[in-house]
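Peer 1: From Swiss-Prot, for reference:
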BINDING   Gly8, Met9, Ser10, Gly11, Gly12, Val13, Asp14, Ser15, Met34, Gly123  ATP binding site
ACT_SITE  Cys99  active site, nucleophile
DISULFID  Cys99-Cys195  disulfide bond
SITE      His124  site 'Interaction with tRNA'
ACT_SITE  Cys195  active site, cysteine persulfide intermediate
SITE      Gln340  site 'Interaction with tRNA'
Amino acid sequence: MKAKVIVGMSGGVDSSVAAWLLKEQGYQVEGLFMKNWEQDDHNDYCPAAKDLADAQAVCNQLRIPLHTVNFSKEYWDRVFAYFLSEYEKGRTPNPDVLCNKEIKFNAFLNHALNLGADYIATGHYAKNTIEGSIGYLFKAKDREKDQTYFLHAVEPEALSKTIFPIGDFTKPQIREFAKQLGLVTHAKKDSTGICFIGEKRFKTFLNEFILAKPGEIKSTGGKTLGQHDGLMFYTLGQRQGLGIGGLQNSTDEPWYVVDKDIASNTLYVAQGSQHPMLYSQGLICGPIHWLADYENHLPLTCFAKTRYRQTDQACMISPPDNNLHYVMFSSPQRAITPGQFIVFYEKNQCLGGATIEQIIR
């Protein structure tokens, strides 16, 4: 009998088609819906309830069972606590990376294995190969939608227990499959933003958990230009929401965030999208989580992304120094952001990644 696969059903079109593709390939397919966040229940509109209803409708259409599980505690402890602590330090975290590492490819994987699954599957745009107990990660066919950036921190052992059914298809193909099948999710919009914030304004949401500390906005020359609402609300390269237009003796060029001084609680800004302070020659990152056997080949010349959907950038990774790596780029990089992740590639293979600790101007 063919292997049993439990698909993480999000209530979206990608996981819906992933489940159908696996069924077509002859696997024993079951669905599982994860609830990772409790606090949307008091809203008039509850996205989790709608997503569950859509996941159930798709499973009914495909005639597969749907399990449900609540990982809210695990999510709070392993993802959200980290998210808050990073913002309190004035950094800009990426909770999606942690959610994949800790919840989808850890808590969900273990739960599925306990339910008798041989593999899990998700609707991620990615590909993998499996050699024994190790999985290797590769970019999806649809480079616009490729999600390996968010998957770089998953353990290789977890990747060996994972199937990515939609990795060889483009998003338009996936939508067309869903439409032809008459799946209720075929026209559902892609989810964007941070999953647990939903429709709330980001500032309003953060204020519920962290006390904001307003401070001064200064030019790179040290001139006070205004007040910020709290460093946690701003990210490097940000242009909108600074509230400092129309200053005397300044041009009409827009202002951008170029630095955050945590010690003095100062936000530094500069004018012009090409201002030198927006650019970095390199960065210092933490320990690299390797998905391929390259750690003994340092220094290494390869490619990297410092944010999702960025074009791959040529770089060189240094050997570790006190668990930190220097990464230097072939050309200056704009708005590298501490707290975010740098992810390394060699052609189509994702080699792994690390947290960005500092920028090197």
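Residue positions begin at 1 at the first shown residue.
Every residue, even glycine, has its Cβ placed from backbone N, Cα and C.
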Peer 1: In the structure shown, with every protein chain counted, which of the binding-site residues Gly8, Gly12 has the densest set of Cβ atoms within 10 angstroms of its Cβ?
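Peer 2: Buried the deepest by this measure is Gly8.
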Peer 1: Return the count of C-beta atoms lying within 10 angstroms of the C-beta of His124 (site 'Interaction with tRNA'), excluding that atom itself.
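Peer 2: Total other Cβ atoms inside 10 Å, all chains included: 27.
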Peer 1: At a 10 Å cut-off from the C-beta of Met34 (ATP binding site), count the other C-beta atoms across all protein chains.
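Peer 2: So the Cβ neighbour count for Met34 (ATP binding site) comes to 26.
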Peer 1: Tell me, how many other CB atoms lie within 10 A of the CB of the residue listed as 'active site, nucleophile', whichever protein chain they belong to?
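Peer 2: Around the Cβ of the residue listed as 'active site, nucleophile', 25 other Cβ atoms lie within 10 Å.
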Peer 1: If you count Cβ atoms within 10 Å of the Cβ of Gln340 (site 'Interaction with tRNA'), leaving out that atom itself, what do you get?
Peer 2: 23
Peer 1: Looking at Cβ-Cβ distances, which residues of the chain lie under 8 angstroms from Asp14 (ATP binding site) while being 6 or more apart from it?
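Peer 2: Asp14 (ATP binding site) has long-range Cβ partners Gly123, His124, Tyr125, Ile166, Ile174.
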Peer 1: Whole-number Å distance between the CA of Gln340 (site 'Interaction with tRNA') and the CA of Ser10 (ATP binding site)?
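Peer 2: Between the Cα atoms of Gln340 (site 'Interaction with tRNA') and Ser10 (ATP binding site), the distance comes to 25 Å.
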Peer 1: Restricting to the same chain and to sequence separations of six or more, state which residues have a Cβ under 8 Å from that of Ser10 (ATP binding site).
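Peer 2: Ser10 (ATP binding site) has long-range Cβ partners Phe33, Asp51, Ala55, Gly123, Ser191.
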Peer 1: At the Cα level, what's the spacing in Å between Gly8 (ATP binding site) and the residue listed as 'active site, nucleophile', rounded?
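Peer 2: If we compare the Cα positions of Gly8 (ATP binding site) and the residue listed as 'active site, nucleophile', the gap is 13 Å.
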